[in-house]
């Protein structure tokens, strides 16, 4: 006999009650999301519609039963209750904030449940929520009671779900952020959500059970389970093969990025700052090295390298954590861009990050930047979720704290994010209180770092008044390539393939960024990214100039995920022909740039690796301080090696201590050790004089056995005359 799918007056009169616990929990969701317009599908006698109307919301209800509609109209305003099927909702597209269907979908055929979800998706506003309650076919009581289970007691029940099966069905119909655990309300007198055996317990004990059955994983094993899901603006495919294809393409892009980063690891020269980080991480006094390092950066990267180098001190091995973080960033930005926008944008964002010269470089050296970029991706995604009200503010706490303990400029990210959230919710006192408490917690958790900064020891003098030659990556090759470099004026002697390619690449991305700003200036989804991305560099420049006096340009790479998301969304919106042309041109330009870069810097890489290798062999390395930013400052902590650059020792006593260096004169150098002397001629007479004096002194007891030239660098190997 076919089950009856609609009902008479007696059916609804027998069920004419409102579970206050469900109503209050639903009210909590509505209030937190600032919803206004609610629809209860399968509203029965309209108790919930009446309850929400009294709370001040525009509540509507619908039911297929004429008897139910007549009963509901007795207690609700005219026009708020309609007789209709759940599969044909008579409401406009994108017109409802929240749809509830309490004990409704079990009365529909499985095919009609799918049609209902399609209709719900249609009428819900973007980021609207669907809230469902239905018998749990996976309830332990169903197995124990068998045919006596409550779900079988109603002859009108025709379809059953488990939390897992309904989650899959909601995802198939493009819903996301699916949850079956909720914030609960307490001290509610009704007991319908609790087993009958618990109805007479004291309220405090009932509250504990209430928490376990609503907010704890046990919620998935109740007789009836609750579930909610969000309508996202990005369309999700309901074809598993299509999703599989998307991830296969993403995997190919990630492999491309991994390959380029491995090439980078094998070719990137060891410049001063990387050498400094490696040396700090090798100190036997970790606390002192953290204090020394805090002068420039928080200790997360130093701590990671400290434990990593217990396994091996090989240069390539030392760089592997950066390789891992940089490669993971490609996958993460692709997945997050897919969630925030669409599949095309996900692939484009991943591809652009995979071939980015700046990302490749910072994923190839043992510094904190690739880790910071990965943290920035997570933080950006969660921030957008908070802005879109799909996640709560507290989810930002852990990523922002980890970021601030990785790089100080995450504090600027926090400032700009706070400003945006404040401007967006300035008339919402409840949210502003939460924002204040959130920042108070962040401040106290970051307080140890602030104290360490005040106690930190200066690790190396920042040159302010002397005309130094900056390291190469301060100028063009590793300048975050979404900005046109103003530090490297075009000069006829610089017009080579390397610099011309860089100029075209920078100009292209600058143009795309400007077009993106014009296109997305009023976009609810992209405008937060633009706000943070545009304001953050201005604050970096301001703080750097006012307080730190350091070259902060490279720190923009931390905020590059914002850039990739913005321009990827723009390119994704181009017509197919223009999109393919734009991506092809950018990738070709990037490959040409990378080839010329690796070729141009091969000599420095060869030199730095040779110096690094000699350092590991405990040869003595002498260099002219402040002239050569290469790993010539590396000396094994607490070892027998000595450093002959006296100026450095006199100005950095704490760093000398943490690095285990000893001051020595040329005549005191051990006569059984090889000495490598690295020198670059400069226009600074004082340093040239020191270098010349060193060479003169060495000739007394040492003989020159090898002399190498790399660009303007001279590398001389001295061996004891009697060696």
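Here, residue 1 is simply the first one shown, and the rest follow in order.
Cβ atoms are placed via backbone N, Cα and C, with glycine included.
What you see is a predicted model, and the numbers here were worked out from it, not measured in a lab.
Going by TrEMBL, these are the annotated features:
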type	residues	note
DOMAIN	39-131	domain 'Methyltransferase type 11'
TRANSMEM	246-272	transmembrane segment
DOMAIN	297-450	domain 'Glycosyltransferase RgtA/B/C/D-like'
TRANSMEM	320-337	transmembrane segment
TRANSMEM	344-362	transmembrane segment
TRANSMEM	368-387	transmembrane segment
TRANSMEM	394-416	transmembrane segment
TRANSMEM	436-454	transmembrane segment
TRANSMEM	466-485	transmembrane segment
TRANSMEM	497-518	transmembrane segment
TRANSMEM	530-548	transmembrane segment
TRANSMEM	554-571	transmembrane segment
TRANSMEM	578-598	transmembrane segment
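Counted with DSSP, the domain 'Methyltransferase type 11' (39-131) comes out as 33 helix, 27 strand, 33 coil.
The transmembrane segment (246-272) makes no contact with the transmembrane segment (554-571), as judged by fewer than three Cβ pairs under 8 Å among residues 6 or more apart in sequence. Listed by sequence, the residues of this chain that lie at least six past the ends of the transmembrane segment (368-387) yet keep a Cβ under 8 A from its Cβ atoms are 277, 297, 300-301, 304, 321-323, 325-326, 328-329, 332-333, 336, 339-340, 359, 362, 393, 395-396, 399-400, 402-403, 406-407, 410, 413, 417, 420-421, 424, 525, 528-529, 532, 554, 557-562, 565.
If one looks beyond the transmembrane segment (320-337) by at least 6 residues along the same chain, the residues whose Cβ comes under 8 Å of a Cβ in the stretch are 250, 253-254, 257-258, 261-262, 265, 304-305, 308, 345-350, 353-354, 359-360, 362-367, 369-371, 373-374, 377-378, 380-381, 561, 564-565, 568-569.
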